[in-house]
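Visitor: Quick paste of what Swiss-Prot says about this protein:
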type	residues	note
TOPO_DOM	1-26	topological domain 'Cytoplasmic'
TOPO_DOM	47-56	topological domain 'Extracellular'
TOPO_DOM	78-99	topological domain 'Cytoplasmic'
TOPO_DOM	121-138	topological domain 'Extracellular'
TOPO_DOM	160-169	topological domain 'Cytoplasmic'
TOPO_DOM	191-211	topological domain 'Extracellular'
TOPO_DOM	233-251	topological domain 'Cytoplasmic'
TRANSMEM	27-46	transmembrane segment
TRANSMEM	57-77	transmembrane segment
TRANSMEM	100-120	transmembrane segment
TRANSMEM	139-159	transmembrane segment
TRANSMEM	170-190	transmembrane segment
TRANSMEM	212-232	transmembrane segment
Amino acid sequence: MVEKLDMSAVVGVKDITDNKKIWRQLMAELIGTFFLVVIGVGSCTGGSEWSPSIPQIAFTFGLTVATLAQAIGHISGCHINPAVTVGFLIVGEMSIIKSVLYIAVQCVGAIAGAAVIKVGVSEAVSGLDLGVSSFSSTLTVGQAVLIEALITFILVVVVKGVSDPGRTDIKGSAPLAVGLSIAAGHLCAIKLTGASMNPARSFGPAVVQNMWIDHWVYWVGPIVGAIVAALLYKFVFKVRKGDDEANSYDF
């Protein structure tokens, strides 16, 4: 017998009417994305006086996400990334309303973070660059979308893997694993696309700097990668009751 689809659960009406935690979760996402942009984008903000190194940017983003995940993961899941939120939505692990609210506050937090950077350092730095996402002139638009999709795919697979409730073999720190996947994505692709992996991270600086050239790439690429990763994990990799855990890794 086919199970009847509960549209109210899919839409998520109860997330607003009955969930008293939703406002704490939204505040956590807003603050988390704010600090991701302040610290992460702040690390790639350069001017005529200096230029940040690739390892500096990569590990700043990775360690910032790992730190925030440890701090607010128990409250909101620490998505702080619309692509991650869409990944949870597409496999039915978040409602539509809750996902829209998450993405909205993530974007607000990103704008606020970028604005703080601009206000805080614009007087001290000439030729201020807020780390607006852009891709190499040697790439086509399609290649840029593909690269963003691939590096976000890795991020979301790691997020789904470390948060899989069926796993008993997880060792080490889940937040650190997520952070390292972000650092790896930056080390791989920062010279190619800027390694956004996060539409909100690109949206905040774009709003504050009013720079929109090919901005859509940084929504489409990460979201496509997140959707593919989430679907693959749910239908192929997810641990199910009765799975043989003897195949789990052991160091």
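Numbering starts at 1 and runs along the chain as it is shown here.
Cβ atoms here come from the backbone N, Cα and C positions, even for glycine.
The shown structure was predicted, so the numbers you read here are calculated from the model rather than taken from an experiment.
Structural setting of the listed features?
Guide: Tertiary proximity for the topological domain 'Cytoplasmic' (78-99) is limited to same-chain residues at least six positions away from its ends with a CB under 8 Å from its CB atoms, namely 9-13, 15-16, 22, 28-29, 32-33, 36, 65, 68-69, 71-72, 106-107, 109, 152, 155-156, 159-160, 175, 197-201, 219, 222-223, 225-227, 229-231, 233-234.
If you take every residue in the topological domain 'Extracellular' (121-138) and average the pLDDT, you get 76.
Away from its own ends, the topological domain 'Extracellular' (191-211) comes close to residues 33, 36-37, 40-41, 54, 58, 80-83, 103, 106-107, 109-115, 117-118, 130-136, 139, 144, 147-148, 151-152, 155, 182, 185, 217-219, 221-223 of its chain (Cβ-Cβ under 8 Å, at least six residues beyond either end).
Within the same chain, residues 15, 22, 25-27, 29-38, 41-42, 45, 76, 79-82, 85-86, 94, 128, 130, 200-201, 203-205, 207-209 sit at least 6 positions outside the transmembrane segment (100-120) and bring their C-beta atoms closer than 8 Å to a C-beta of that stretch.
Remote same-chain partners of the transmembrane segment (139-159), defined as residues 6 or more beyond its termini with a Cβ less than 8 Å from a stretch Cβ, comprise 83-84, 87, 177-178, 181-182, 184-185, 188-189, 192-193, 195-198, 214, 217-218, 220-226, 228-230, 232-233, 237.
Counting residues 6+ beyond its ends, the transmembrane segment (212-232) has Cβ neighbours under 8 Å at 81-84, 86-88, 90-91, 133-135, 141, 144-157, 160, 193, 196-199, 202-203, 206 in the same chain.
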Visitor: Using a Cβ-Cβ cut-off of under 8 Å, list the residues of the same chain that are 6+ residues beyond the ends of the transmembrane segment (57-77) and lie near it.
Guide: 21, 24-26, 28-29, 31-32, 35-36, 39-40, 42-44, 88, 102, 163, 173-176, 178-184, 186-187, 190, 195
